[in-house]
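Pulled from TrEMBL:
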DOMAIN    B:95-304  domain 'ABC transmembrane type-1'
SIGNAL    B:1-25  signal peptide
TRANSMEM  B:95-119  transmembrane segment
TRANSMEM  B:131-157  transmembrane segment
TRANSMEM  B:177-197  transmembrane segment
TRANSMEM  B:237-261  transmembrane segment
TRANSMEM  B:281-304  transmembrane segment
Amino acid sequence: MSGERGLRVDGLTVAYETARGPVEAVSDVSFEVAAGETYGLVGESGCGKTTLGRALGRHLPRGGAITGGRVSVDGTDVLALAPAELRRWRASSLAVVHQEAGSALDPTMRIGAQLAEVLRLQGRTRREARMQVPRLLDRVRLPDPEAIARRYPHQLSGGQQQRVVIAQALAARPRLLVLDEPTTGLDATVQHEILGLIWALRAELGAAVVFISHDLALVGRLCDRVGVLYAGRLIEEGPAGEVLATPRHPYTSALLASAPQLGRTRRTHPLAAIPGRPPAPGEAGTGCAFAPRCTYADDTCRAGLPPLDMVSGRRTVRCHHAANLIDLSHDGPAARAEPTAVDGGGRLLEIQGLTRHYGGTPVVDDVDLTINRGEVLGLVGESGSGKTTLARAVAGLGPQGSGVIRLDGRELAAGVGRRDARIRRAVQMVFQNPDASLNPSHTVRTVLARARRSLRGTLAPGELAARADLDAYLLDSRTDRLSGGQKQRVAIARAFAGDPELVVCDEPVSALDVSVQAGVLRLLADQQRRTRTSYLFISHDLAVVGYLADRIAVMYRGQIVEQGPADDVLAGPHHPYTASLVEASLAPLGKADAYAVGDVTAKDAVGCRFAARCPLRVDGLCENEDPPLITLANDHTVRCHLDATGLPEATALEGET
Amino acid sequence: MRRFLLRRLAAIPLTLVAVSALVFAATELIPGDVARAILGREASESAVRALRVQLGLDRPAATRYVDWLGGFVTGRWGDSYTLKVPVRDLVLDRLGASLLLALLAFVLLVPVAVTLGLVAGINHDRPADRVISVTGLTFGATPEFVTGVILLVVFSVKLRWLPASAQIPPDASPVEALNHLLLPALSLVILCTGYVARHVRASTVTAVESAYARAAELRGFTRAQVVRRHVLRNATVPATSALGVQLQFLLGGLVAVELLFNYPGIGALLLQSAIDKDLPTLQTTAMVLGILYMLVVLGADVVYRVLDPRVRLGVAAR
């Protein structure tokens, strides 16, 4: 085996010790990744992908053990190494980057010291290590490496932290690089940059790269080949482009269908959630683990485990019907387009000159915004742009400031405590984190019954739950027993317990898996269609906003830089910042980033807030003078010094073709 | 840091005014007549009345409070009613003795408790952890005068290794002085170790299971290296507040140990002056202890800030 380069996994099986005996979390997984190749591992939460990633470094959590198979990297049999050899192998050949880089850095050590420590482990002297730290930081494209090295982790942004962790990974010359959801939780533009960096480095390193993600589209953009994992087994494998374009396993196809894409809206392409959830380790029966959720399943599927068959030269599928189910193109027939018409019910919510400060810094800066009756207004922006503060101000929460909020022409008090009961019932909120917004010791029935009483609703808890697609048997479960998706459904059911006129949704699906997210988005769309309630829908994910919104407002550093009908905002001509968001979710990786994120901490309130990052900046003008609000078309406004002809347009947008 | 210190120091006088009012009110509430207590049951009513006038006790409470507070602030602490010596000498002398005992106990406590907590945390849910945790809890639940008596009987009465009285003879050498203080200090260490070790254990478990410790192990560091470089500091920082609480306790709450070992500390003084209705001593002692408490809390916060860059540099400083 020696002499062979890259990662080779053979029949790898991992089991966890439980009260009921050992259960397999990863079963008989085999794949190869050549040196220099990037391999994507995809699946929902609970499919075993993180366990598999950890098994590659032989670093399982307590109670976990590799019970079978082989892992070899460049010919080294990793599972056969003695403890001291394993440490040397990890130091010289392995690099792992996890989700949430912030927690992978020691909060009490300076960045430079943490990098130097890794270099010292590689045998460099103290002096050499100190000399090399800035070079490493430079390699991951961090500006001003000397200054960064002196900082502590909490003084860096999430994207910068992730770069530092990648720099640590580069300190050795790893032969195997495992990236476990390295960009989850980062803003779209930052995510794009980090992926671009990984893309550039993988060629430089020549290592076998394993990229673990729940996001198939992302894997498709980055990886050469992809393996889809379900219930601990590989169920489909092949070149990334082919698998994404023509999935051969129903699960792969369902995963693709559940992911929102730019240019597809709830009216043209309703998302299809995958019903149910993946089986927990040890739960799967004898047959195909996906059978209970599969629309094509028959008795054959339930009877026996399908083999992993080669279906063409480079692709394998684990499905009894692989031969028959050739056309699983996830597009499906474009659903009959619903009338896009927003009923002309007039203005429901008007915000004028709204300003909110946190500690002297304007977080929401003179915002004007209108939401019409029966309309979904999508609000996008990166973290720190002020969108949550804006949402909370509408709900009457958070700090007070100047500006006017009117509902139905009546001015609202800034604090929710001073709004009358009718107004409070009319404006409801769905929060990002249902763990925090639902009382964990209450049952679903109690939550909904209470909401009905306080919101003067007419529907019984059972009916409210049914409308939110919650199974009746969940009514008497405590909310802390529910999954993330179920909790969010309860939160939505609660918001609709009365007869709300406006529901403020603050990142309601950001914490959810793609397949679960699809179900919740669909529920939100259904509720909206049924009740004609207006939404203020907030997300950092442009595709999610594009799916749900009738109109889109784009927020940057406290200001609305653009608002208008969803299609116009996405297609352009649009604000350069909007263009950067569209590019981040569509443009291929590896091309030079036009929109450097940089270190945008300037607090000056003069000129265009986006000037420092804008590739179309007019020097001398943009950074000094506030841009005017220009009207492009009916109801589509952009805050920019450029005129309509100078504004960028999206080229790659997959429209309704 | 300077702003933080200034702000906190500025808050101390305000707190002290509140403390002084409480202390004064409490001493007013002590039942019984002060002058009668001083002169004894046999004294004539006129002598008692004369003493009350002499002590100024016939004046309204508010006037006396303002007088007393003014005196305290300007350092005129008056004379003890019963011992007839300046309160200042008395309190500072006793305070010095108490500080000596408390600091000795603290110096012994920190390494013992932190080490035990670290060992328990690194081996959490294993036998070593169980033994340390249960022992710590047991000793923590045993009153210090009980452990004190046991220590006395074993080391002083049976083995005759150490003196029974903690009172240090005036001409004692430092080693002799240490011998006198060791038993009371040990009984305090035994009492406090469990509490501090539990805090250290909890933060050690968090640090050991943290993503940064795991990442370091994946980079090929040995367990010992990970503990030394990443766990140690992260585990001990949160424990500083627990140590601050213990230091406060050691400085003021030692009445039982002082009485048991016949040690002239400030706790015993506080108790005695309360029994004797020796108001100047009682009020001043309470105020001095109050100031000491506040300084210890401030000290613990300062140490925390020095050790934890997130607090020192502010999360908002991104």
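Backbone N, Cα and C define each Cβ position, glycine as well.
Outside the transmembrane segment (B:281-304) by six or more residues, the chain places 5, 8-9, 12, 15-16, 19-20, 23-24, 26-27, 68, 72, 77-78, 80-83, 87-88, 90-91, 94-95, 237, 240-241, 243-244, 247-248, 251-252, 266, 269-270, 273-274, 311 with a CB less than 8 A from a CB of the stretch. The list of residues near the transmembrane segment (B:95-119) in space but at least 6 beyond its ends in sequence, with Cβ under 8 angstroms from a Cβ of it, reads 128-129, 132, 136, 166, 178, 181-182, 184-186, 188-189, 192-193, 195-201, 204, 227, 231-232, 235-236, 239, 243, 246-247, 250-251, 254, 257-258, 263-267, 288, 292. Long-range Cβ contacts of the transmembrane segment (B:131-157) within its own chain (Cβ-Cβ under 8 Å, at least 6 residues beyond either end) map to 116-117, 119-120, 163-164, 183-184, 186-188, 190-195, 197-198, 201, 256-257, 260-261. With a threshold of 8 Å between CB atoms, the same-chain residues lying at least 6 positions outside the signal peptide (B:1-25) that come near it are 61, 64-65, 68-69, 72, 283, 286-287, 290-291, 294, 298, 301-302, 305, 312.
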